[in-house]
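Database features, via Swiss-Prot:
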BINDING   H2  Ni(2+) binding site
BINDING   C73, C76, C89, C92  Zn(2+) binding site
Amino acid sequence: MHELSITEELLKTIVAKAEEAKARNVSRINLVIGEYAGVVEDSVKMCFEILSQDTIANGAVLEFSRIPAKFRCRLCGHTFPSGQNLLVCPECQGWNAEVIAGNEFFIESIEVDDESQSS
């Protein structure tokens, strides 16, 4: 399960950014996952719950947004979404398409409670 190593790196980044901002704790993390990123949301959530214990991210809510896959035909340049004929260009029927969106996986935002806020 590669989600474990992905989540470990994700947590390192989140904790580092939160500490840099002098946060008291992390309350929400907004993640973006491309349709073809190969990342399973439930696995990331499970790994995050376990790995974030005893960190300032413990109890933070993970929110996921999806980016649909998009392709560009290398033969005619037409761009198109994924569909029934996965990599077949609907314009020229060519089979030589490249993925131009949908492989992404990144942190969109981190919501924190800072030290200046009262309990």
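Placement of Cβ uses the backbone N, Cα and C atoms for every residue, glycine included.
Per-site Cβ counts within 10 Å over the binding-site residues C73, C76, C92 peak at C73. Sitting within 8 Å of the Cβ centre of C73, C76, C89, C92, and not among those site residues for Zn(2+), are the Cβ atoms of R74, L75, G77, H78, P90, E91, Q93, G94, N96, A97. Ranking the binding-site residues H2, C89 by C-beta neighbours within 10 Å puts C89 at the top.
Geometry remark: the residue listed as 'Ni(2+) binding site' versus C73 (Zn(2+) binding site), CA distance 30 Å.
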